[in-house]
Amino acid sequence: MSVISIVPLVSKPCLYKSFISSTHEPKALRRPISTVGLCRRAKSVTASMSMSSSTALSDDGVQRRIGNHHSNLWDDNFIQSLSSPYGASSYAERAERLIGEVKEIFNRISMANGELVSHVDDLLQHLSMVDNVERLGIDRHFQTEIKVSLDYVYSYWSEKGIGPGRDIVCADLNTTALGFRVLRLHGYTVFPDVFEQFKDQMGRIACSANQTERQISSILNLFRASLIAFPWEKVMEEAEIFSTAYLKEALQTIPVSSLSREIQYVLDYRWHSDLPRLETRTYIDILRENATNETLDMKTEKLLELAKVEFNIFNSLQQNELKCVSRWWKESGSPDLTFIRHRQVEFYTLVSGIDMEPKRSTFRINFVKICHFVTILDDMYDTFGTMDELRLFTAAVKRWDKSATECLPEYMKGVYIDLYETVNELAREAYKSQGRDTLNYARQALEDYLGSYLKEAEWISTGYIPTFEEYLENGKVSSAHRIATLQPILMLDVPFPPHVLQEIDFPSKFNDLAGSILRLRGDTRCYQNDRARGEEASCISCYMKDNPGSTEKEALNHINGMIEKRIKELNWELLKPDKNVPISSKKHAFNISRGLHHFYKYRDGYTVANSETRNLVIKTVLEPVPM
């Protein structure tokens, strides 16, 4: 039976206090959000414009635009009925035992004469262990062991790459490609010139006509390596083109298997739109299939056993956190705002998909809160609010005082108070982690965000289509990447002194790229529906205005090229050598970008959350993996 078809049980008490301080318990608004939204009587809603958009008469007698978004998919009663046996101490004890056994495996392959060590493939063993624990989502337990392994591999790295073992003189493509990727992601300096030697006289990667599993795996690792290229690395661009074509052809010829499923997954999600938890779930399923076919070695079997236990332990925590998110949403009065998209479960799925560290509940819970308000503001500025109302709300946020509600229409008052209290609450939480007041950062980000939205609302009301440059400059901010990232990361157990924050927040290159990628990718997925709602300005329409005679297809091709270029630039911003701003300080902001990108893989996965996004919720949050 599908998990979605289960009849919800009686609501259970929130278990939030069992894993986080009671001071963080979600609480209801002091004043529930006003029910002045759409009239609940069906006869009061008069459709017009198009199937994807309509106008409706609100309770205050104003004809308003609405988006006709589908309703919340996840009833609170259903969420409160979720239960999992994997929170029991016996599973934690089992995980600790397995962690010790995996550490022992790491130690044995690090011994010069260890029983598992062969000088013929020791480098590949180290790299495979690191790659496996990371893909299986259990690497947090083995940071010391990972560094020892990578230091060892790097000591044998040369300008010609490496072979599978330290005694192998000739480099091979598989080990070199895997090593390049893993080493670069961990901050080691490696150059793509190592791949030049694998080219034939025609300048193409040399490979035999026979598509053996070993050769296919080598090209798969080459493809994975090509995804973390920097903008100027021509050889990596060539490697990506070649490996993409090779793997697509291989899928047409090899039988359906765990290898074909792995190839399809990597081709589909690449790296910048991949969610770590979805990758973990997928890789667990692939290894489970190999285990059934008795093709796993002893080391990988042990890793798989630990990964399944860890996945399900975190799954239990996810469900507890999700209950609190749903309770907060319900008690806040948000369900009465019938003109907005209710996507709190989807936001939680995103954030728990990029951070599986159990102790970071505060980060995950508050990310959902911020994104929930982003959605309210998005729908308010895009459709429901009148221009006069939106100007009043924007001015009230600049005042940042509860008394500012006096000048607001009734339905905005509750939104403003809840936004005010939540942003202040998150700033107090951030103070505990950062040891300084960060409220001004948050307020400035919010003001900039609403300013960009007010400008877009003005464009909608007047039918104005700006130049592409003007549109994108504003769209970097209205994409909401900055506001969704800034306050949540400040609640992590990671220090963000001013010199580090300025490399991630506005106006840094990192922030600029992440915001523009999200805006460009979002528009390619949303522009047709937005246009049907009367929102003419998009990166597609602006490009076509700037380039008379161009077609939508040409505009999309140009924009997709811009996205790919910016992705490589963002790779550099994340991975560039910088002793003052380590990769670890930028990783969460980068992963938020990956998560947001993921939801636009096939469509606007927030607005239309009843297809791929629904399946993602089930696969990564609601269902455990079979033990």
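The backbone N, Cα and C atoms fix where each Cβ goes, and this holds for glycine too.
Bear in mind that the values here come from a model prediction, so they are computed numbers and not experimental data.
Per Swiss-Prot, the feature transit peptide maps to 1-46; the stated evidence is sequence analysis. Annotated Mg(2+) 2 binding site per Swiss-Prot: Asp378, Asp382, in sequence order, evidence recorded as similarity to another entry. What Swiss-Prot records for Asp378, Asp382 is Mg(2+) 1 binding site. Under the heading motif 'DDXXD motif', Swiss-Prot lists 378-382, citing similarity to another entry as support. Taken from Swiss-Prot, the feature Mg(2+) 3 binding site covers Asp530, and the record attributes it to similarity to another entry.
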Task: Rounded Cα-Cα span from the residue listed as 'Mg(2+) 3 binding site' to Asp382 (Mg(2+) 2 binding site), Å - done: 9
Task: Distant-in-sequence Cβ neighbours of Asp378 (Mg(2+) 2 binding site), under 8 Å, six or more positions away - done: Tyr453, Ala480
Task: binding-site residues compared (Asp382, Asp530) - the one with the fewest other Cβ atoms within 10 Å - done: Asp382
TODO: Please work out the mean pLDDT for the residues of the motif 'DDXXD motif' (378-382).
DONE: 92
